[in-house]
């Protein structure tokens with residue numbers, strides 16, 4: 001995950017992030033759930049899903065589309081949870097890593113993973129070498145949280161690099177649910193413009209839901225023409241682009 005931009009943020013600013021995020025109910029928006037999700041996943045055993053499409057998005061980012069058993073199958077992953085993927089590194093040793101699909105259960109028959117492949121990443125090697133027709137071993141759901149629509153008035157998100165994928169999943173679920181009136185505010189930071197993942201998809205959401213979804217991009221190395229944030233995420237950016245804390249909020253650390 002590209003979180004370099006957070007390394008220079010003052011601890012008080014990080015507290016501000018916590019206040020902003022907790023203030024809008026990031027803790028309340030999820031409920032513990034022990035129920036087994038419907039769908040194709042097994043929380044105890046790995047299941048194989050065939051890669052049917054690989055789309056290169058940049059020199060080190062690709063979107064992997066995996067088929068489910070039938071065109072009407074759903075993955076069965078509750079919003080806010082993730083899957084565990086199993087592969088092999090460059091030495092042939094088994095490696096496990098969690099990922100969050102960018103698709104929802106409304107996307108029938110398949111699920112997608114947007115993967116940034118790092119030169120030294122062990123699981124990155126597996127995805128870099130993966131070809132259409134091969135299968136990925138997946139287990140899940142993982143995580144103790146489940147999204148409940150309408151639990152809060154607004155949802156603030158702060159993401160960096162590949163950390164956008166779980167945020168994107170939750171944002172989609174909120175915005176595409178006509179019964180959910182929650183407002184979503186996102187600050188998304190990267191090093192360069194080319195590092196922005198899911199930019200087209202994010203812009204589609206912003207265009208489709210202008211009153212419910214606000215996104216503010218921050219780049220450490222912006223292009224010559226740029227109207228977003230510059231440098232590292234600051235306290236002022238958080239105060240301006242995330243919802244203000246509520247009066248009845250308790251922040252725990």
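Every residue gets a Cβ built from N, Cα and C, even glycine.
Keep in mind the model is a prediction, meaning the values are calculated, not measured.
Noted in TrEMBL for the protein shown:
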| type | residues | note |
| --- | --- | --- |
| BINDING | 98, 99, 114, 116, 123, 124, 165 | FAD binding site |
| DOMAIN | 44-148 | domain 'FAD-binding FR-type' |
| TRANSMEM | 12-32 | transmembrane segment |
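Where TrEMBL records a feature, it is marked here on the structure.
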residue: 98; record: FAD binding site; Cβ within 10 Å: 14
residue: 99; record: FAD binding site; Cβ within 10 Å: 22
residue: 114; record: FAD binding site; Cβ within 10 Å: 22
residue: 116; record: FAD binding site; Cβ within 10 Å: 20
residue: 123; record: FAD binding site; Cβ within 10 Å: 20
residue: 124; record: FAD binding site; Cβ within 10 Å: 20
residue: 165; record: FAD binding site; Cβ within 10 Å: 22
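Across the domain 'FAD-binding FR-type' (44-148), mean pLDDT in this model comes to 95.
Same-chain residues with CB within 8 A of the center of the 98, 99, 114, 116, 123, 124, 165 CB atoms, the FAD site residues themselves not counted, are 85, 97, 113, 115, 127, 162.
Following the DSSP three-state reduction, the secondary structure of residue 123 (FAD binding site) is helix. Mapped onto three states, the DSSP output places residue 114 (FAD binding site) in strand.
When the domain 'FAD-binding FR-type' (44-148) is classified with DSSP, helix, strand and coil residues number 8 helix, 50 strand, 47 coil.
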